[in-house]
Each structure stands twice: as structure tokens, then as C-alpha cells.
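Notes for the one structure printed next.
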Amino acid sequence: MLHRRGLLAAGALGGAALVASPLARPALAQAAPVRIGMITSLSGPGAYLGQDIRDGFLLAIEQGGGKLGGTPVALLVEDDGLKPGQGKQIAERFVGNEKIRLLTGIVFSNVLGAVLPDVLDAGAVYASPNASPSNFAGRDCHRNYWSIAWQNDSLHESAGQAAQNLGHKRMFLLAANYQAGRDAIAGFRRMYKGEVLGEIYTRLDQTDYAAELARIRAARPDAVYQFHPGGLGIAFLRQYAQAGLAELVPQVVAAPSMDSTTLAAVGEAALGMTVGSHWNSDFDVPASRAFVAAFRAKYDRLPTYYAQQGFDTALAIGGAFRNGGADLADTEAFRKGMLKADFASTRGRFRFGPNQHPVQDWFMLKVERGADGKPALVTKAKILSDHGDAYAAQCRL
Amino acid sequence: MALLLEQLLNGLQLGVMLFLLAAGLTLVFGIMGVINLAQGSLYMVGAFAGAALAARTGSATLSLLGGIAAAAAVGMAMELAVLRRLYRRGHLDQVLATFGMILFLNQAMTMLAGRQPLFVAVPPALEGAVEIIPGVPYPVYRLAIIAVGILVAAGLWLLIQRTRLGMLVRAGATNREMVRALGVDIRLLYTLVFGLGALLAGLAGVMAGPVFSVQVGMGEQILITTFVVVVIGGIGSVRGAFAGAMLVGLVDTLLRAFLPDLLRGAIGGPDADALAGGLASMGIYLLMAIVLLVRPRGLFPAHA
């Protein structure tokens, strides 16, 4: 209930810079830029996720000299404060008053659920850089709705597959008590075939996990899977290590529980964890190496996978523009262009499945000491190839 | 048996944390009649100042002193600049003003420190775990939190019951006008009390650094529970805040720890886990409702 709302000064600055760059070229000055509306979380406990998506997206535009796929663009950024109602208001303004035809940016599934119907009813396009709940991948899929990230469950399926590959027989599962937490455990169990000793749903406002940690110690599992995004995970991991469990019971988690920002905040406590992910900053893909270097040079921090998704979303939109979709009055032309997935993804292989969600490879990462002695996420092995999602079959497009 | 003892310790530690926040809240509410929603923000200020100092100097002592000093300074500045104008106004105005302070302090902290959560190491002297119960290593840092909390509780009791300042505080709570008529500078007293409340919140914030996540908005996560503690304990009573905090800490921890296994005896696995999660989340609010039913003014009302 207590989050801040407001327009972000940095977003406005970024927008101003983008408008300025096409003006520098007189030949293009008469072509009005395509406006893209970004609704994302820049305040509240999930603020760094939205910040990374925005910064990744802005980096792609900057590298294109203010253009995506050769078309000048202007990005408008607004903060949803992790509140569905606030996101819906912004969306109504974007598609109603501002007549924006392309939206992106939402971090959290509950905000997306409130925003998406308005966007699609107005005939506009939404390209998701993160939140991709199951209903919009299956029954409620739509020609104007795209996910460039993954379907929510896939993250946790990759963790389940990693636990299966590592040969863990008895596991203890924990997740925050909300829709994504329940989806997480369902996704994990889809791939993990061993015994589940216990499932705990923790409160979303919980800061102390001592009671749960004592239960894990008493159950003596081979490994623990847990889903606690952002600050919740930081508190959980610190307390897990302080309770001496890190040496006794290894953790296998999905990317949202262990990104590079979480890792920096947790430090040594994360050593030895296994993470299932679709991308990591050490990927040996030329596009990825260039992206990581440019991001570090511009923002002076390691990009999380959220930043990478923001970047890839901008590139995917650029691909659609390049392939005849630059006029968003014709969303079918945009769709044809987008379906080609004509861009050099930082993940390497990337294509869209029949429900316009990614089909991609998944990898097992491990937290190890890097060359500088600090803990770092290191890519170990590919665990799933050309993996789509479980809901594509329900989608009729 | 070892598990029960461990969980009791966990409950005690959560209770101590809640007490540090609730003590300031209840003092300010009971004595000055102000609902301070921004208590959680002072906790955040303490945590950030402590984290920043620890990262720059590497000294746990400096981090502790700096954290509580920063929280106390921000608290007193807030009292001087904002709250002083609100003592004669209704609670709604106070709630609005202190809610505004939350937004202001959150945004200020975002501009100063950014949105990324900060890393705070456990002080080297308090690292590791000891086996106070055979077979169950318990983190030294959590034991230290319990010790600090109990010391603070004892110190507060001495301060309020045995010193001249404490006498004035009690007198000010009972009859503000009479204390002023006797020539006491009640405004200075209020600033000091508010500063004390902020200092305790800052202490909680610094200690929370290595255990919880230090990020903007961390105060609001714990604020609601703190209000539950104050209401259960009786508004304005430090003794009540202590009892309420311990009760809430223990009930919350024990429900989370043992309810799932108890329910599993009665119904199937995943259903029992889901139901237990829901019931454990309601636990402290149920406790509050029951306490209010039996003692409408809380366990230890200040002006009984």
C-alpha cells in the first residue's frame, strides 16, 4: 500500500535525449519518431528490476543512434509502482490520450494482468520484456501480444531439470505466497521427478525466515529449491548462510532468485548455488559480449538478465520495424515482421513459438569465485534445447 | 525438543527486533499523541547509513554509531520541521503528514543510494554459529540481536522509571499543560522523545542490515507488524510494547514452524501446506483481535 508514484526524471531525460538525436540529422527531421510507451516498476521493492529493463532498452536505442531497425523512436517511461491500478491508469493514458500503438516494460505479472486487456482492446501491440503469465501464453493468447523473455513457468522448469540432472532425490521447496510463487513450484515439479519433502509458502511481507530454515534443517533434504524474487531472496539467502545451511544443503533455484544484483548484495553466502537461466553475462555469444561491455561502460554495473531482456525486446521490435512493420497502424504487418525474429539475440538462438512466446535454450549456472575472487555466476552446461512452454498447445492464433 | 528450543529462540529474536521499532512508536504515540507512520523510514535511514559507513570504513562500531546517529538526527529534524505543527491537529492530518514523509524519505534515499539493494557483511566478531543446543548451530549474530534487545529494554525501563527525564516523560504523557505550567520546556522534551524513538528505529535498522535486505521500502514491510505490536501491548506503554513484541514474535514463528506438520496429520500434503501458510499469515492478526476482545486497551495500557 505504501509505494511512491510519479514520473521518473531519468526516464524523461532519456526520452529528451532520444528526441534530440534525430533532430541532429536534418534529412530525417520530418519523420516523426514512433513513440513507444514503457510502463515499468521504478519504485518499491522491485525497483531495480524495472530500472534494468529500462536501461537495457535505452541502450539498444542509443546504439541505433535513436533508431530501432532504422526507424526513429521515442521512449516514454512511466512508473507503475508495482500497483496494477496505477499501471492500468498509465496504459489508458498511453493508448487513449497519447495514441501510442506499442507498449512494453512491465515487470510483474499482476500489473500485466490489469494492463493488457486495455492495450489489446485499443488495438495496440504489447511486447513483454519480463512478465509472461500462463493464461496469455495459452487460452488468452493474442496476435498483438508478444513475450521476448520466456513463459513464467519455463524459468522454474529449467531449475527442475537442473535438479533432476544433478541427481537430487529428496528436495524441499519454498516459494513466496502469490500467483507467481505457485506457478514456480508447479513449473519446478513439471521437470523434477524426485521426492518432495515439504512445500512452504512464505508471506510476501516476510523478512525473517528462521522458522522455515529450522524446518529445512530438521527435514535434511538433498537440496532446496526456493523462489523469492528481489529483496525477499536477499534476506532468505543471507539467513540461509548464517544458519550454517549453505554448507549442508545446496540450493537449486531459477534465475529470479539469483541475478547479478542479488549476488552482489548477498556475496559469499551464495557460493555453490545452482541456477537455471536462459542467459548469463558470461555467454560466449558475440552479441552478448558486446552488450555486456556496452552496458558496463554506460551504467557502471553488471547487467542482470532483466537488462538483457529489455535490450533484446528493443532489438526484436527493431527487427519487426526492419521487416516492414514500422507503421503500427497496420499491426498485422508488424506481426509478420516480428515473427521472423530477425535480430542478433544476446542469448544466441531465439525464435518465436506458435503462441508468440520464445523457444530457446536453457542453461545451468553455478555461483563460483570469479577471477577477482568475488562470487560470480558461471555458465556450466546446456540443460534444455529449443524449449518452448507447456501452454502453447492451448493457443489458437 | 531441540527444534522447539531453536524455534523459541527464533521467535525471541524476531520479537526483539519488533520491540526496538515498537518502543519508539509507542513512546511517540502515548506521550505526544502523534501517529508516526514514518517510523519505518527512520529504520531504513539507520540501515542505509549503517551500510554505507560499514562499506566505507569497514568498522562495525562506526557503522553502528553512525546509523543510529543518522536516524536520530533525521527523526529530530522531522519533529522540528513537520510534526511540531501537528500536535494540535487531528490524527488524520498527522497520518497524512507522516505518510508524506515516507514518500519523501523513500525518494530521497533512492536519489542518494539508488535502487539496488546494498550488501552488508556480518561483523567478523559475530560471524559463525555456536551450539547452545546440542546438534543445532545457532548464528552468533542472532544471539547478539537478542542480547542487544534485552539490554535496550532494561535501559529504557531505567530511563523512564528512574531518571528525571523519564519522570518528565511520564508527567508529560499524563498532563501536558500542567508540566508546561511548572516551567518545563515541553517542546524540547518532545523533540528528545522523538529523537529517542528514531534512535531505537535506527538501531533496529543497523542490526537488520546483515540479516534482511537493505533497500528502499524496507521500512514499510515491517511497519504493519509493528503497529500490531503496539496495539496488542497497549498504546503508550513501553512495557506493553516489550510484551506485545515477544508475543507476536513467538506466535508468528511457532505457527510458521509447527502448524504445517500439525495439519498434515489431519489432511493431505500440499493442501496442509497451503492451509498452514494461510493460517500462519493470519496468526498475529487473530492474536490482536483476541487481545482486543479481552482487553480493549491492550495488555498494559499506559494511562490505566
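Every residue gets a Cβ built from N, Cα and C, even glycine.
Quick look at what TrEMBL annotates:
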TRANSMEM  B:12-35  transmembrane segment
TRANSMEM  B:42-58  transmembrane segment
TRANSMEM  B:64-83  transmembrane segment
TRANSMEM  B:95-114  transmembrane segment
TRANSMEM  B:140-160  transmembrane segment
TRANSMEM  B:188-212  transmembrane segment
TRANSMEM  B:218-235  transmembrane segment
TRANSMEM  B:242-259  transmembrane segment
TRANSMEM  B:274-294  transmembrane segment
Positions on the same chain near the transmembrane segment (B:218-235), where near means CB under 8 A and six or more residues out:
17-19, 21-22, 25-26, 29-30, 37, 39-44, 47, 102, 208, 212, 241-245, 247-248, 252, 284-285, 287-288, 291-292, 295, 297-302
Under a criterion of three or more Cβ pairs within a distance under 8 Å and sequence separation of at least 6, are the transmembrane segment (B:95-114) and the transmembrane segment (B:242-259) in contact?
no
Two-stretch contact, the transmembrane segment (B:242-259) and the transmembrane segment (B:12-35), at least three Cβ pairs under 8 Å:
yes
Tally Cβ pairs under 8 Å between the transmembrane segment (B:188-212) and each listed stretch (B:12-35, B:42-58, B:64-83, B:140-160), then give the stretch with the top tally.
B:64-83
